[in-house]
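Novice: Here you go, one structure.
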Amino acid sequence: MEEGEAEGAIKLEFTPTWIVAVVCSIIVFISLIVERLLHYLGKFLRRKNQKSLFEALQKVKEELMLLGFISLLLTVFQGTIVKICISKEWMDHLLPCKEDSSADLVSPTGGKRRLLSSRESYCDAKYEVPLLSVEALHQLHIFIFVLAITHVVYSVLTMVLAGLKIREWKHWEDSIKKNDSGSVPRTIAHVHQFEFIRDHFMGIGKDSEILSWLHSFGKQFYGSVSRSDYTTMRLGFIMTHCGSNPKFNFHKYMVRALEADFKKVVGISWYLWIFVVVFLLLNVSGWHTYFWIAFIPLILLLAVGTKLEHVISQLAHEVAEKHSAIEGDLVVKPSDDHFWLHRPKIVLYLIHFILFQNAFEISFFFWILTTYGSNSCIMERMRYIVPRLVIGLIIQILCSYSTLPLYAIVTQMGSSFKKAIFEEHVQQSLIGWAHKVRKRKVHRGSEASSTGSGSVGSKDQSSRGAHLQKLDQDDLNEDGQVELQAKSSTPLNTGPKSV
(Lines of atoms letter the chains of each structure in order from A and count residues from 1; the text may use other names and numbers.)
(Lines give C-alpha, C1' and ligand atoms only; values in the text may rest on other atoms or scores of the structure.)
Protein backbone atom coordinates (compact mmCIF):
# COMPACT_ATOMS: atom_id res chain seq x y z
CA MET A 1 0.00 0.00 0.00
CA GLU A 2 1.34 3.46 -0.95
CA GLU A 3 2.48 5.80 1.74
CA GLY A 4 -0.25 8.15 2.89
CA GLU A 5 -3.08 6.18 1.30
CA ALA A 6 -6.28 6.04 3.30
CA GLU A 7 -6.22 3.32 5.90
CA GLY A 8 -8.53 0.42 5.04
CA ALA A 9 -8.65 1.18 1.31
CA ILE A 10 -8.33 -2.20 -0.44
CA LYS A 11 -7.15 -2.38 -4.04
CA LEU A 12 -8.88 -4.51 -6.65
CA GLU A 13 -5.97 -6.97 -6.72
CA PHE A 14 -6.58 -7.80 -3.05
CA THR A 15 -10.41 -7.98 -3.38
CA PRO A 16 -12.04 -11.46 -3.43
CA THR A 17 -13.10 -12.45 -6.94
CA TRP A 18 -16.61 -13.38 -5.84
CA ILE A 19 -17.20 -9.79 -4.66
CA VAL A 20 -15.98 -8.37 -7.97
CA ALA A 21 -18.15 -10.82 -9.92
CA VAL A 22 -21.28 -10.13 -7.86
CA VAL A 23 -20.94 -6.34 -8.09
CA CYS A 24 -20.30 -6.45 -11.86
CA SER A 25 -23.25 -8.81 -12.36
CA ILE A 26 -25.63 -6.49 -10.51
CA ILE A 27 -24.47 -3.40 -12.44
CA VAL A 28 -24.68 -5.15 -15.82
CA PHE A 29 -28.08 -6.66 -14.95
CA ILE A 30 -29.58 -3.28 -14.03
CA SER A 31 -28.08 -1.66 -17.15
CA LEU A 32 -29.52 -4.37 -19.41
CA ILE A 33 -32.97 -4.02 -17.84
CA VAL A 34 -32.99 -0.26 -18.48
CA GLU A 35 -31.70 -0.74 -22.03
CA ARG A 36 -34.36 -3.38 -22.82
CA LEU A 37 -37.12 -1.22 -21.34
CA LEU A 38 -36.10 1.70 -23.56
CA HIS A 39 -35.87 -0.64 -26.56
CA TYR A 40 -39.37 -2.08 -26.08
CA LEU A 41 -40.77 1.38 -25.39
CA GLY A 42 -39.32 2.51 -28.72
CA LYS A 43 -40.86 -0.49 -30.52
CA PHE A 44 -44.22 0.27 -28.89
CA LEU A 45 -44.12 3.91 -30.02
CA ARG A 46 -43.19 2.92 -33.58
CA ARG A 47 -45.95 0.33 -33.67
CA LYS A 48 -48.41 3.05 -32.62
CA ASN A 49 -47.01 5.40 -35.30
CA GLN A 50 -45.89 7.88 -32.62
CA LYS A 51 -42.83 9.08 -34.53
CA SER A 52 -42.52 12.35 -32.59
CA LEU A 53 -42.53 10.57 -29.24
CA PHE A 54 -40.12 7.98 -30.63
CA GLU A 55 -37.74 10.79 -31.63
CA ALA A 56 -38.11 12.24 -28.12
CA LEU A 57 -37.13 8.83 -26.73
CA GLN A 58 -34.07 8.87 -29.00
CA LYS A 59 -33.24 12.29 -27.55
CA VAL A 60 -33.43 10.82 -24.05
CA LYS A 61 -31.02 8.08 -25.14
CA GLU A 62 -28.65 10.74 -26.43
CA GLU A 63 -28.76 12.48 -23.05
CA LEU A 64 -28.02 9.18 -21.31
CA MET A 65 -25.08 8.63 -23.66
CA LEU A 66 -23.82 12.14 -22.86
CA LEU A 67 -24.11 11.36 -19.15
CA GLY A 68 -22.15 8.18 -19.68
CA PHE A 69 -19.41 10.11 -21.48
CA ILE A 70 -19.28 12.72 -18.70
CA SER A 71 -19.05 9.88 -16.18
CA LEU A 72 -16.23 8.30 -18.18
CA LEU A 73 -14.29 11.57 -18.32
CA LEU A 74 -14.65 12.17 -14.58
CA THR A 75 -13.51 8.62 -13.85
CA VAL A 76 -10.57 8.55 -16.25
CA PHE A 77 -9.22 11.98 -15.34
CA GLN A 78 -9.95 11.72 -11.61
CA GLY A 79 -6.31 11.05 -10.76
CA THR A 80 -5.13 13.90 -12.98
CA ILE A 81 -7.60 16.41 -11.52
CA VAL A 82 -6.75 15.47 -7.93
CA LYS A 83 -3.04 15.94 -8.66
CA ILE A 84 -3.61 19.51 -9.90
CA CYS A 85 -2.45 21.51 -6.89
CA ILE A 86 -3.29 25.13 -6.14
CA SER A 87 -2.37 27.53 -3.37
CA LYS A 88 -4.44 27.37 -0.18
CA GLU A 89 -5.25 31.08 -0.56
CA TRP A 90 -7.33 30.27 -3.66
CA MET A 91 -9.57 28.08 -1.55
CA ASP A 92 -10.69 31.02 0.59
CA HIS A 93 -12.68 32.72 -2.19
CA LEU A 94 -16.26 32.07 -3.41
CA LEU A 95 -16.98 29.33 -0.90
CA PRO A 96 -20.53 27.89 -0.78
CA CYS A 97 -19.99 27.33 2.95
CA LYS A 98 -17.67 29.07 5.36
CA GLU A 99 -15.27 26.39 6.54
CA ASP A 100 -14.31 26.03 10.21
CA SER A 101 -10.61 26.01 11.01
CA SER A 102 -10.94 22.50 12.39
CA ALA A 103 -12.99 21.16 9.47
CA ASP A 104 -9.99 19.49 7.90
CA LEU A 105 -9.13 17.69 11.13
CA VAL A 106 -12.47 16.65 12.52
CA SER A 107 -15.16 14.72 10.70
CA PRO A 108 -18.80 15.89 10.88
CA THR A 109 -19.80 12.84 12.89
CA GLY A 110 -17.18 12.62 15.55
CA GLY A 111 -13.57 13.30 16.41
CA LYS A 112 -11.68 11.23 13.88
CA ARG A 113 -9.00 12.92 11.86
CA ARG A 114 -9.69 13.07 8.08
CA LEU A 115 -7.38 10.63 6.30
CA LEU A 116 -5.79 11.66 3.02
CA SER A 117 -5.40 9.51 -0.07
CA SER A 118 -1.99 9.26 -1.71
CA ARG A 119 -3.09 11.69 -4.43
CA GLU A 120 -4.31 14.28 -1.91
CA SER A 121 -1.17 13.90 0.17
CA TYR A 122 0.75 14.62 -3.07
CA CYS A 123 -0.45 18.23 -2.86
CA ASP A 124 -0.24 18.27 0.94
CA ALA A 125 3.47 17.54 0.72
CA LYS A 126 3.85 20.70 -1.39
CA TYR A 127 1.86 22.72 1.18
CA GLU A 128 -0.92 23.10 -1.40
CA VAL A 129 -4.38 21.64 -1.88
CA PRO A 130 -5.87 19.61 -4.77
CA LEU A 131 -8.11 21.42 -7.26
CA LEU A 132 -10.89 18.95 -6.40
CA SER A 133 -10.77 16.14 -3.87
CA VAL A 134 -11.85 12.60 -4.78
CA GLU A 135 -14.95 13.03 -2.63
CA ALA A 136 -15.87 16.36 -4.28
CA LEU A 137 -15.49 14.80 -7.74
CA HIS A 138 -17.74 11.93 -6.73
CA GLN A 139 -20.42 14.33 -5.42
CA LEU A 140 -20.21 16.47 -8.58
CA HIS A 141 -20.58 13.31 -10.64
CA ILE A 142 -23.77 12.38 -8.78
CA PHE A 143 -25.19 15.92 -9.09
CA ILE A 144 -24.80 16.00 -12.90
CA PHE A 145 -26.52 12.63 -13.15
CA VAL A 146 -29.38 13.67 -10.84
CA LEU A 147 -29.84 16.95 -12.75
CA ALA A 148 -30.14 15.27 -16.16
CA ILE A 149 -32.53 12.55 -14.94
CA THR A 150 -34.68 15.09 -13.06
CA HIS A 151 -34.94 17.28 -16.15
CA VAL A 152 -36.06 14.38 -18.34
CA VAL A 153 -38.63 13.14 -15.80
CA TYR A 154 -39.88 16.66 -15.09
CA SER A 155 -40.25 17.48 -18.80
CA VAL A 156 -42.12 14.23 -19.46
CA LEU A 157 -44.48 14.89 -16.53
CA THR A 158 -45.15 18.46 -17.69
CA MET A 159 -45.83 17.43 -21.29
CA VAL A 160 -48.11 14.57 -20.21
CA LEU A 161 -50.21 16.87 -17.99
CA ALA A 162 -50.34 19.51 -20.75
CA GLY A 163 -51.37 16.83 -23.25
CA LEU A 164 -54.24 15.78 -20.99
CA LYS A 165 -55.40 19.39 -20.83
CA ILE A 166 -55.22 19.78 -24.62
CA ARG A 167 -57.15 16.54 -25.17
CA GLU A 168 -60.03 18.10 -23.26
CA TRP A 169 -60.47 20.39 -26.27
CA LYS A 170 -61.19 17.42 -28.55
CA HIS A 171 -64.92 17.58 -27.85
CA TRP A 172 -64.87 21.17 -29.17
CA GLU A 173 -63.35 19.91 -32.41
CA ASP A 174 -65.91 17.10 -32.65
CA SER A 175 -68.76 19.50 -31.88
CA ILE A 176 -67.62 21.96 -34.58
CA LYS A 177 -67.45 19.22 -37.20
CA LYS A 178 -70.83 17.84 -36.14
CA ASN A 179 -72.55 21.21 -36.38
CA ASP A 180 -70.78 22.27 -39.58
CA SER A 181 -73.35 21.26 -42.16
CA GLY A 182 -72.03 23.70 -44.76
CA SER A 183 -75.52 25.08 -45.59
CA VAL A 184 -75.84 27.68 -42.82
CA PRO A 185 -76.93 31.03 -44.32
CA ARG A 186 -74.38 33.86 -43.98
CA THR A 187 -75.77 36.59 -41.73
CA ILE A 188 -74.49 40.06 -40.91
CA ALA A 189 -73.64 40.68 -37.26
CA HIS A 190 -72.13 43.58 -35.36
CA VAL A 191 -68.52 42.85 -34.47
CA HIS A 192 -69.23 43.12 -30.72
CA GLN A 193 -71.83 40.39 -30.94
CA PHE A 194 -69.05 37.83 -31.26
CA GLU A 195 -68.00 36.35 -27.91
CA PHE A 196 -64.34 36.32 -28.99
CA ILE A 197 -64.40 40.11 -29.47
CA ARG A 198 -66.30 40.76 -26.24
CA ASP A 199 -63.79 38.72 -24.25
CA HIS A 200 -60.62 40.32 -25.65
CA PHE A 201 -61.35 43.74 -27.14
CA MET A 202 -60.70 46.49 -24.58
CA GLY A 203 -61.28 49.54 -26.75
CA ILE A 204 -58.88 51.88 -28.55
CA GLY A 205 -56.15 54.06 -27.03
CA LYS A 206 -53.31 53.89 -24.50
CA ASP A 207 -55.61 53.02 -21.60
CA SER A 208 -57.05 50.10 -23.55
CA GLU A 209 -53.55 48.81 -24.27
CA ILE A 210 -52.72 48.76 -20.56
CA LEU A 211 -56.05 47.09 -19.79
CA SER A 212 -55.37 44.55 -22.51
CA TRP A 213 -52.02 43.56 -20.97
CA LEU A 214 -53.53 43.39 -17.47
CA HIS A 215 -56.39 41.27 -18.79
CA SER A 216 -53.90 38.98 -20.54
CA PHE A 217 -51.87 38.63 -17.35
CA GLY A 218 -54.89 37.62 -15.30
CA LYS A 219 -56.53 35.34 -17.85
CA GLN A 220 -53.64 32.85 -17.85
CA PHE A 221 -54.67 31.81 -14.33
CA TYR A 222 -58.24 30.86 -15.23
CA GLY A 223 -59.74 29.52 -18.45
CA SER A 224 -56.65 30.38 -20.49
CA VAL A 225 -58.34 29.04 -23.66
CA SER A 226 -62.12 29.27 -23.97
CA ARG A 227 -64.32 27.58 -26.56
CA SER A 228 -64.69 30.84 -28.50
CA ASP A 229 -60.90 31.24 -28.50
CA TYR A 230 -60.41 27.73 -29.85
CA THR A 231 -63.16 28.06 -32.48
CA THR A 232 -61.94 31.43 -33.76
CA MET A 233 -58.24 30.54 -33.91
CA ARG A 234 -59.06 27.20 -35.51
CA LEU A 235 -61.08 28.89 -38.24
CA GLY A 236 -58.39 31.53 -38.77
CA PHE A 237 -55.73 28.84 -39.22
CA ILE A 238 -57.86 26.77 -41.61
CA MET A 239 -58.92 29.74 -43.76
CA THR A 240 -55.32 30.94 -44.00
CA HIS A 241 -53.46 27.68 -44.52
CA CYS A 242 -56.10 25.07 -45.48
CA GLY A 243 -58.71 27.02 -47.40
CA SER A 244 -59.51 24.03 -49.61
CA ASN A 245 -60.11 21.75 -46.61
CA PRO A 246 -62.61 23.40 -44.23
CA LYS A 247 -63.01 20.15 -42.26
CA PHE A 248 -59.31 19.97 -41.44
CA ASN A 249 -58.68 18.27 -38.06
CA PHE A 250 -57.02 21.18 -36.27
CA HIS A 251 -56.89 19.42 -32.90
CA LYS A 252 -55.04 16.40 -34.29
CA TYR A 253 -52.55 18.67 -36.03
CA MET A 254 -51.98 20.68 -32.86
CA VAL A 255 -51.28 17.53 -30.80
CA ARG A 256 -48.83 16.24 -33.43
CA ALA A 257 -47.04 19.61 -33.48
CA LEU A 258 -46.73 19.60 -29.69
CA GLU A 259 -45.33 16.06 -29.74
CA ALA A 260 -42.77 17.17 -32.31
CA ASP A 261 -41.72 20.04 -30.03
CA PHE A 262 -41.39 17.64 -27.10
CA LYS A 263 -38.13 16.21 -28.44
CA LYS A 264 -36.63 19.71 -28.22
CA VAL A 265 -37.90 20.30 -24.68
CA VAL A 266 -36.67 16.99 -23.27
CA GLY A 267 -33.06 17.54 -24.35
CA ILE A 268 -30.37 19.55 -22.55
CA SER A 269 -28.88 22.03 -24.99
CA TRP A 270 -25.40 23.49 -24.72
CA TYR A 271 -26.67 26.86 -23.45
CA LEU A 272 -28.42 25.10 -20.57
CA TRP A 273 -25.13 23.53 -19.49
CA ILE A 274 -23.65 27.06 -19.51
CA PHE A 275 -26.49 28.09 -17.21
CA VAL A 276 -25.58 25.25 -14.81
CA VAL A 277 -21.93 26.31 -14.73
CA VAL A 278 -22.82 29.97 -14.10
CA PHE A 279 -25.10 29.21 -11.16
CA LEU A 280 -22.66 26.72 -9.66
CA LEU A 281 -20.17 29.60 -9.76
CA LEU A 282 -22.60 32.00 -8.06
CA ASN A 283 -23.47 29.60 -5.22
CA VAL A 284 -21.51 31.67 -2.70
CA SER A 285 -22.14 31.70 1.03
CA GLY A 286 -24.32 34.65 2.06
CA TRP A 287 -25.53 35.47 -1.46
CA HIS A 288 -28.62 33.21 -1.23
CA THR A 289 -28.25 32.66 -4.99
CA TYR A 290 -30.58 29.68 -5.26
CA PHE A 291 -33.32 31.58 -3.46
CA TRP A 292 -33.19 34.44 -5.95
CA ILE A 293 -32.86 32.34 -9.10
CA ALA A 294 -36.04 30.49 -8.11
CA PHE A 295 -37.90 33.63 -9.20
CA ILE A 296 -36.35 33.62 -12.70
CA PRO A 297 -38.46 30.78 -14.16
CA LEU A 298 -41.58 32.11 -12.41
CA ILE A 299 -41.13 35.59 -13.90
CA LEU A 300 -40.36 34.16 -17.33
CA LEU A 301 -43.36 31.84 -17.16
CA LEU A 302 -45.71 34.69 -16.26
CA ALA A 303 -44.22 36.81 -19.08
CA VAL A 304 -44.67 34.00 -21.62
CA GLY A 305 -48.24 33.29 -20.51
CA THR A 306 -49.11 36.99 -20.64
CA LYS A 307 -47.61 37.35 -24.11
CA LEU A 308 -49.50 34.34 -25.46
CA GLU A 309 -52.79 35.66 -24.08
CA HIS A 310 -51.98 39.08 -25.50
CA VAL A 311 -51.52 37.56 -28.96
CA ILE A 312 -55.13 36.38 -28.74
CA SER A 313 -56.15 39.90 -27.72
CA GLN A 314 -54.24 41.37 -30.66
CA LEU A 315 -56.09 39.07 -33.05
CA ALA A 316 -59.38 40.37 -31.63
CA HIS A 317 -58.21 44.01 -31.79
CA GLU A 318 -57.17 43.64 -35.42
CA VAL A 319 -60.69 42.63 -36.41
CA ALA A 320 -62.57 45.02 -34.08
CA GLU A 321 -60.56 48.07 -35.18
CA LYS A 322 -61.06 47.40 -38.90
CA HIS A 323 -64.69 46.25 -39.02
CA SER A 324 -67.93 47.40 -37.46
CA ALA A 325 -69.96 44.48 -38.79
CA ILE A 326 -69.04 41.12 -40.30
CA GLU A 327 -70.81 38.87 -42.76
CA GLY A 328 -70.54 35.20 -41.84
CA ASP A 329 -68.05 33.77 -39.37
CA LEU A 330 -65.40 35.76 -37.57
CA VAL A 331 -62.01 35.02 -39.17
CA VAL A 332 -58.73 36.25 -37.67
CA LYS A 333 -55.52 36.57 -39.67
CA PRO A 334 -52.45 34.76 -38.27
CA SER A 335 -49.20 36.73 -38.42
CA ASP A 336 -45.66 36.49 -37.01
CA ASP A 337 -45.89 40.21 -36.21
CA HIS A 338 -47.73 39.37 -32.99
CA PHE A 339 -44.74 37.48 -31.54
CA TRP A 340 -41.42 38.55 -30.04
CA LEU A 341 -38.94 39.37 -32.83
CA HIS A 342 -41.55 37.99 -35.27
CA ARG A 343 -40.54 34.45 -34.27
CA PRO A 344 -43.11 32.22 -32.51
CA LYS A 345 -40.33 29.66 -31.89
CA ILE A 346 -38.76 31.94 -29.26
CA VAL A 347 -41.61 30.93 -26.94
CA LEU A 348 -40.51 27.28 -27.13
CA TYR A 349 -36.92 28.20 -26.21
CA LEU A 350 -38.17 30.13 -23.19
CA ILE A 351 -40.37 27.24 -22.07
CA HIS A 352 -37.40 24.89 -22.50
CA PHE A 353 -35.29 27.14 -20.26
CA ILE A 354 -38.08 27.46 -17.68
CA LEU A 355 -38.54 23.70 -17.40
CA PHE A 356 -34.80 23.10 -17.14
CA GLN A 357 -34.26 25.83 -14.55
CA ASN A 358 -37.08 24.50 -12.40
CA ALA A 359 -35.69 20.97 -12.75
CA PHE A 360 -32.32 22.38 -11.70
CA GLU A 361 -33.87 23.84 -8.55
CA ILE A 362 -35.61 20.58 -7.65
CA SER A 363 -32.62 18.35 -8.39
CA PHE A 364 -30.23 20.62 -6.47
CA PHE A 365 -32.53 20.66 -3.44
CA PHE A 366 -32.87 16.87 -3.24
CA TRP A 367 -29.18 16.34 -4.01
CA ILE A 368 -28.17 18.58 -1.10
CA LEU A 369 -30.77 16.93 1.14
CA THR A 370 -29.54 13.39 0.43
CA THR A 371 -25.81 14.24 0.29
CA TYR A 372 -25.31 16.71 3.14
CA GLY A 373 -28.59 16.58 5.07
CA SER A 374 -31.14 19.23 5.97
CA ASN A 375 -28.72 21.01 8.33
CA SER A 376 -26.18 21.78 5.60
CA CYS A 377 -25.22 25.41 5.14
CA ILE A 378 -25.88 25.04 1.39
CA MET A 379 -29.47 24.09 2.18
CA GLU A 380 -29.83 27.43 3.99
CA ARG A 381 -32.57 28.28 6.46
CA MET A 382 -36.17 27.16 6.29
CA ARG A 383 -37.40 30.62 5.30
CA TYR A 384 -35.41 30.25 2.06
CA ILE A 385 -36.31 26.62 1.43
CA VAL A 386 -40.12 26.79 1.66
CA PRO A 387 -40.59 29.62 -0.90
CA ARG A 388 -38.36 27.76 -3.40
CA LEU A 389 -40.46 24.60 -3.10
CA VAL A 390 -43.73 26.55 -3.37
CA ILE A 391 -42.49 28.42 -6.45
CA GLY A 392 -41.43 25.14 -8.05
CA LEU A 393 -44.90 23.68 -7.46
CA ILE A 394 -46.60 26.80 -8.89
CA ILE A 395 -44.42 26.62 -12.02
CA GLN A 396 -45.25 22.94 -12.49
CA ILE A 397 -49.02 23.50 -12.27
CA LEU A 398 -49.13 26.74 -14.27
CA CYS A 399 -46.88 25.46 -17.04
CA SER A 400 -48.75 22.15 -17.37
CA TYR A 401 -52.32 23.43 -17.31
CA SER A 402 -51.99 26.93 -18.78
CA THR A 403 -48.76 27.95 -20.51
CA LEU A 404 -48.03 24.81 -22.55
CA PRO A 405 -51.64 24.45 -23.79
CA LEU A 406 -51.57 28.15 -24.67
CA TYR A 407 -48.31 27.64 -26.55
CA ALA A 408 -49.76 24.68 -28.45
CA ILE A 409 -52.62 26.71 -29.95
CA VAL A 410 -51.40 30.33 -30.00
CA THR A 411 -48.13 29.61 -31.84
CA GLN A 412 -50.26 28.28 -34.70
CA MET A 413 -51.28 31.91 -35.22
CA GLY A 414 -47.97 32.69 -36.93
CA SER A 415 -47.44 33.24 -40.64
CA SER A 416 -46.26 29.67 -41.13
CA PHE A 417 -47.48 26.21 -40.31
CA LYS A 418 -45.49 23.26 -39.03
CA LYS A 419 -44.71 20.15 -41.04
CA ALA A 420 -46.96 18.19 -38.66
CA ILE A 421 -49.81 19.42 -40.89
CA PHE A 422 -48.83 16.61 -43.26
CA GLU A 423 -49.13 12.93 -42.51
CA GLU A 424 -45.80 11.22 -41.90
CA HIS A 425 -45.56 9.53 -45.30
CA VAL A 426 -46.44 12.82 -47.03
CA GLN A 427 -43.70 14.65 -45.09
CA GLN A 428 -41.07 12.16 -46.19
CA SER A 429 -42.30 12.23 -49.80
CA LEU A 430 -42.19 16.03 -49.98
CA ILE A 431 -38.72 16.22 -48.47
CA GLY A 432 -37.37 13.55 -50.81
CA TRP A 433 -39.07 15.14 -53.80
CA ALA A 434 -37.67 18.57 -52.99
CA HIS A 435 -34.14 17.17 -52.63
CA LYS A 436 -34.35 15.43 -56.01
CA VAL A 437 -35.67 18.53 -57.78
CA ARG A 438 -32.99 20.72 -56.24
CA LYS A 439 -30.24 18.37 -57.42
CA ARG A 440 -31.83 18.25 -60.89
CA LYS A 441 -31.99 22.02 -60.99
CA VAL A 442 -28.30 22.36 -60.08
CA HIS A 443 -27.36 19.83 -62.75
CA ARG A 444 -29.44 21.56 -65.43
CA GLY A 445 -28.15 24.93 -64.37
CA SER A 446 -24.58 23.81 -64.97
CA GLU A 447 -25.57 22.44 -68.40
CA ALA A 448 -27.38 25.67 -69.31
CA SER A 449 -24.36 27.77 -68.35
CA SER A 450 -22.13 25.63 -70.58
CA THR A 451 -24.51 25.73 -73.59
CA GLY A 452 -25.79 29.24 -73.03
CA SER A 453 -29.37 28.37 -73.96
CA GLY A 454 -32.30 26.29 -72.81
CA SER A 455 -35.71 25.23 -73.98
CA VAL A 456 -39.02 26.58 -72.80
CA GLY A 457 -39.78 23.26 -71.19
CA SER A 458 -36.58 23.35 -69.15
CA LYS A 459 -37.43 26.87 -67.96
CA ASP A 460 -40.83 25.65 -66.83
CA GLN A 461 -39.28 22.72 -65.00
CA SER A 462 -36.68 25.04 -63.50
CA SER A 463 -39.41 27.30 -62.11
CA ARG A 464 -41.20 24.34 -60.60
CA GLY A 465 -37.89 23.10 -59.23
CA ALA A 466 -37.31 26.49 -57.62
CA HIS A 467 -40.71 26.21 -55.97
CA LEU A 468 -39.86 22.76 -54.58
CA GLN A 469 -36.46 23.96 -53.49
CA LYS A 470 -38.20 26.65 -51.49
CA LEU A 471 -40.40 23.95 -49.97
CA ASP A 472 -37.31 22.12 -48.77
CA GLN A 473 -35.17 25.05 -47.63
CA ASP A 474 -37.66 27.70 -46.60
CA ASP A 475 -40.80 25.71 -45.96
CA LEU A 476 -39.09 22.81 -44.17
CA ASN A 477 -36.62 24.99 -42.33
CA GLU A 478 -34.60 24.16 -39.22
CA ASP A 479 -37.53 25.05 -36.98
CA GLY A 480 -39.63 22.40 -38.70
CA GLN A 481 -42.07 24.92 -40.10
CA VAL A 482 -43.59 25.34 -43.53
CA GLU A 483 -43.89 28.87 -44.85
CA LEU A 484 -47.17 30.00 -46.37
CA GLN A 485 -46.89 29.89 -50.15
CA ALA A 486 -47.78 33.14 -51.85
CA LYS A 487 -48.18 31.49 -55.28
CA SER A 488 -51.32 29.58 -54.50
CA SER A 489 -53.60 28.82 -57.40
CA THR A 490 -56.66 29.18 -55.16
CA PRO A 491 -57.07 32.48 -53.28
CA LEU A 492 -57.35 32.03 -49.55
CA ASN A 493 -59.97 33.67 -47.41
CA THR A 494 -57.66 35.43 -44.96
CA GLY A 495 -60.09 37.78 -43.33
CA PRO A 496 -63.76 38.56 -42.69
CA LYS A 497 -65.90 40.49 -45.12
CA SER A 498 -66.72 43.87 -43.63
CA VAL A 499 -69.99 45.63 -44.20
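Glycine too: its Cβ is placed from the backbone N, Cα and C atoms.
Below are the features I grabbed from TrEMBL:
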- 18-38: transmembrane segment (TRANSMEM)
- 64-86: transmembrane segment (TRANSMEM)
- 140-164: transmembrane segment (TRANSMEM)
- 265-284: transmembrane segment (TRANSMEM)
- 346-369: transmembrane segment (TRANSMEM)
- 389-410: transmembrane segment (TRANSMEM)
- 444-499: region 'Disordered' (REGION)
- 447-464: compositional bias 'Polar residues' (COMPBIAS)
- 486-499: compositional bias 'Polar residues' (COMPBIAS)
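Looking at the shown structure, can you explain where the listed features end up?
Specialist: Residues 142-143, 146-147, 149-151, 154-155, 158, 261, 264-265, 268-269, 272, 275-276, 279, 290, 293-294, 296-297, 300-301, 304, 307-308, 339-340, 376, 378-379, 385, 388-389, 391-392, 395-396, 399, 403-404, 407, 411 of the same chain sit 6 or more residues outside the transmembrane segment (346-369) yet have a Cβ under 8 Å from a Cβ within it.
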Novice: Name the range, of those listed as 18-38, 64-86, 265-284, 389-410, that has the largest tally of Cβ pairs under 8 Å with the transmembrane segment (140-164).
Specialist: 389-410
Novice: Who are the chain neighbours of the transmembrane segment (389-410) in space, where the CB to CB distance is under 8 Å and they lie at least 6 residues beyond its ends?
Specialist: 154, 157-159, 161-162, 165-166, 220-221, 224-225, 229-230, 233, 254-255, 257-258, 294-295, 297-298, 301, 304-305, 308-309, 311-312, 347-348, 351, 354-355, 358, 361-362, 365
